[in-house]
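Chemist: Okay, handing you the structure first.
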């Protein structure tokens, strides 16, 4: 995944995807509840250990129409920023989110993660889910460094990365359809180290169909 044209290919791919939950999940809307419940449980466990002590603002990276913000992040934070490059997803978000959650959206940010430069000490939490596969290694590392600086120290905030994984013997897998790469766990750990992040906790998603990729949630600081 060394060619910058991959980014354009990914953008064109998502521009053709319906702005629905099924579209966000590649036709697998049936996993949404299990996904949200697992993330919520892991999040609460970390909060009980003294992380994310304040709940003013979170950024939902690659937010799509706001599925994660609606069912999870808005229940734990006063305000949410939606970072999403695809304009037709952002256009559909208000109707999907509904009036109550919409009031909690501080702003929408129409940028790709690799182009996002948040102000330091802005967020109590950063949530990155099913996004990193669209970034080259070096761009992902640089984005993580910027996001680390954006965490509010007073909140003891965390960056969460939730992503599909391949097994070590498979190596990284490139998908020419959407120009994404599915990485091994070991590769993720290398990239986190390059970004000077500490792995606080790692959890394996449960209650997903066995034919899908393994999914893990990494909590980083």
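Cβ coordinates are placed from backbone N, Cα and C, and glycine is handled just like the others.
TrEMBL entries are annotated by machine, without manual review.
Just lifted these from TrEMBL, have a look:
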BINDING   62, 67, 113, 114, 129  S-adenosyl-L-methionine binding site
Chemist: Non-local Cβ contacts of residue 113 (S-adenosyl-L-methionine binding site) (under 8 Å, 6 or more apart, same chain)?
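Modeler: Listed in sequence order: 61, 62, 83, 128, 131, 132, 134, 135, 140, 143.
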Chemist: Does DSSP put residue 62 (S-adenosyl-L-methionine binding site) in a helix, in a strand, or in coil?
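Modeler: Where residue 62 (S-adenosyl-L-methionine binding site) sits, the three-state DSSP reduction gives coil.
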Chemist: Sequence gap of 6 or more, C-beta under 8 Å: which same-chain residues meet both conditions with respect to residue 129 (S-adenosyl-L-methionine binding site)?
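Modeler: Expected: 39, 61, 62, 68, 160, 161, 162, 163.
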Chemist: Measure between the Cα atoms of every pair in 62, 67, 113, 114, 129, the residues the record assigns to S-adenosyl-L-methionine, and report the largest value in Å, rounded to a whole number.
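Modeler: Max Cα-Cα spread across the S-adenosyl-L-methionine binders: 21 Å.
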Chemist: Can you tell me the three-state DSSP label for residue 113 (S-adenosyl-L-methionine binding site)?
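Modeler: Its secondary structure by DSSP: helix.
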Chemist: Using a Cβ cut-off under 8 Å and a sequence separation of 6 or more, which residues in the same chain sit near residue 67 (S-adenosyl-L-methionine binding site)?
Modeler: 21, 24, 25, 32, 96
Chemist: State the count of C-beta atoms found within 10 angstroms of the C-beta of residue 114 (S-adenosyl-L-methionine binding site), not counting that atom itself.
Modeler: 17
Chemist: Taking the Cβ of residue 62 (S-adenosyl-L-methionine binding site) as the centre, count every other Cβ atom within 10 Å, in any protein chain shown.
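Modeler: The answer is 23 other Cβ atoms.
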Chemist: State the three-class DSSP label for residue 129 (S-adenosyl-L-methionine binding site), counting H, G and I as helix, E and B as strand, and everything else as coil.
Modeler: strand
